[in-house]
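Remarks on the structure that follows.
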Amino acid sequence: MICLLLPILKRSSDMTKSPMTKSEQLLRIDDHDFTMRPAFGGPPIPVGVDVQVESLDTISEVDMDFTMTLYLRHYWKDERLSFPSTNNQSMTFDSRLAKKIWVPDMFFVHSKRSFIHDTTTDNVMLRVHPDGNVLYSLRITVTAMCNMDLSRFPLDTQTCSLEIESYAYTDDDLMLYWKKGNESLNTDERISLSQFLIQKFHTTTKLAFYSSTGWYNRLYIHFTLRRHVFFFLLQTYFPATLMVMLSWVSFWIDRRAVPARVPLGITTVLTMSTIITGVNASMPRVSYIKAVDIYLWVSFVFVFLSVIEYAAVNYLSTVQERKERKLRERLPCTCGIGNPDDMTCDPQISGYTTMDVNRTANYGTAGNYGMPENGGRQERMLAQVVLGDPQLTGQVKRPGYVNIWIDTHAIDKYSRVLFPGSYALFNIIYWSIYS
């Protein structure tokens, strides 16, 4: 009875185990412990890596990261997987066998999110050669950190890196290397970004040290990106420049036209504030000054100074008019009024003659004190004072003329040249530094 039951019990115990496929039987999966690395106890196992970059999806300045989709391939030799073959053909498997054997435990340093694509099945490929050489390939999308220097934004060039490293095995157990050097990195020719021009990809290898675990081989994928500046020229630089030029229009508007000059200055100031706010809303809150900040804030200062310029002109004009009013009150007679027939100056009292009255009256019209007929910008107040009057001068002298010239348009006149010239000089210096 015991002899008869033993085969039955053996068959029932075997039924609890999953049946092995012919390929697993050929690879002798159950004969080895694949939780240990190949050649355990011996020299480190070399694992070659190459990468095919499929796409570079997004570059985010706000989050300081990038997203990349790539094919990550590993090459190593595991003699435990060698099998006899008459035609020396390799066998290809999917992720189901990859879970039963030893594979390198790679991870992406400084990654935020990553996943292996699983549509329609897991995008994992395992290829085993008769001599035990293994190719292990995965299709991965990873979002990794990129420390960007935005001090030259938007005229900047950024270099980001994707770092690959073994998580558990130090350089005593596993030696990572690029299989074909810099040629191990291949990119799709159709890769393009809306804001950046991809200048170059290159690879490097370094050792990383952790105080608790030791030294690890680390592989780097570096790529350099240069930002397209034309978008920012249209959206930021040109509008800011036009607002500055628009603020200069007030220098050609009459100083008495307060309703025209004041709203123009306020409008340009508010528009510049809106442009600055819009640019900073899409940028990270960095603690240093960016190149675009310098341009926008200098433009804002020019617009603000144009408003201050009119305030100065209006204030000085008011002071001038007060002085003129006080001077007219002190004089016995003021000539230069537009209609000489209205003059009632006594030559014996004021020292004027009819010829002097007519001569001075022809310089202007009523309400414009001595404004020349040729449309000059200087306002002239021509006053004839009886210098022989002891009450005015304290000395007895013959009558004469005192000419008082007051140029209230000098600030506007100089601003028409000073403001555009200074802004043009700033642009020459700015673009020579950052371009």
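Keep in mind that glycine also has a Cβ here, set from the backbone N, Cα and C atoms.
Please treat TrEMBL annotations as automatic predictions, because they have not gone through curation.
What TrEMBL records for this protein:
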- 29-228: domain 'Neurotransmitter-gated ion-channel ligand-binding' (DOMAIN)
- 236-348: domain 'Neurotransmitter-gated ion-channel transmembrane' (DOMAIN)
- 229-252: transmembrane segment (TRANSMEM)
- 264-282: transmembrane segment (TRANSMEM)
- 294-316: transmembrane segment (TRANSMEM)
- 417-434: transmembrane segment (TRANSMEM)
Close approaches to the transmembrane segment (417-434) from elsewhere in its chain (Cβ under 8 angstroms; 6 or more beyond its ends):
152, 155, 241, 244-245, 248, 251, 291, 294-295, 298, 302, 305-306, 309
Six or more residues beyond either end and a Cβ under 8 Å away: which residues meet both conditions relative to the transmembrane segment (294-316)?
236-237, 240-241, 243-244, 247-248, 250-251, 255, 258, 261-262, 265-266, 268-269, 272-273, 275-276, 279, 408, 411-412, 415, 419, 422-423, 426, 430
Could you give me the DSSP helix, strand and coil counts for the domain 'Neurotransmitter-gated ion-channel transmembrane' (236-348)?
86 helix, 0 strand, 27 coil
